[in-house]
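Pulled from Swiss-Prot, these are the features on record:
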BINDING   11, 12, 13, 14, 15, 16, 17, 18  ATP binding site
């Protein structure tokens, strides 16, 4: 569900964050777009059309359609504002009287994924641009009295190492979900990862071919889940309890409630069911809320564990506590509900 609002992955160096995110591009399905349109306009949804396509659609003219893979666009840390937003060719505009617009990365990312590696090191002026586009879904470029706007609805995906700096709360709140990656401690699993990496380095095409059936099956499962999503139901009592958890944790705004509802439904659809259970909510609520809690420098427990503790009390389930769960927010909850 793109409306969840993307995901932020923070964790130790060398844990495969960037590799995992870039691998998502192969799982993404094809979508219908207007042919030769730089903004990947949707042929049927006016909110996802550029002004030019909308005008053409309004006159009843035939709009050519093609199918393209969902785009994954990398936003480099050193990118300029013009490269991100796009530029207007003033000289051409003055001499020929036409709006000559060179689309930027936001145009390319419309209806796709915008990925920012080391997002916590991103310049403040680029953060402001991202916040503006993520909030409105449109990108506006104004130069010398000429104004151009186009849709910029993208799923924001970021990764970074928390040791290298904190992220601004305004941008952090724009990520629907927040995952923490920790280095694998189990020796057998570490050996398996190293062996698979060596196998890939020796012969990449053979390695990819070996896992292609699993990849295809996963892609098919995601497409089927998208079709099933509108039929998924979340009981009113469960929605009330989700909001109770958010209220108890003093989460600012209502974005936490909305994202948790959407994420629980998306997980249910992914597993081929139409009724959300308590266990579905348990599996997503920490990801949806841990980054929305107010930071308390005197707090000794992890924010993820705090979410789990409040969830267990309000939903009436048993939380199995241990030392490691308090340390990294990976506590287990025994629900007895499926």
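Positions of Cβ are set from backbone N, Cα and C atoms, glycine also.
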Starting from the Cβ centroid of 11, 12, 13, 14, 15, 16, 17, 18, the recorded ATP site, name every other residue in that chain with its Cβ within 8 Å, sequence order please.
159, 161, 181, 183
Candidate with the highest Cβ count within 10 Å, taken from the binding-site residues 11, 14, 16:
11
CB neighbours of residue 18 (ATP binding site) within 10 A?
15
Any idea what DSSP makes of residue 16 (ATP binding site), helix, strand or coil?
coil
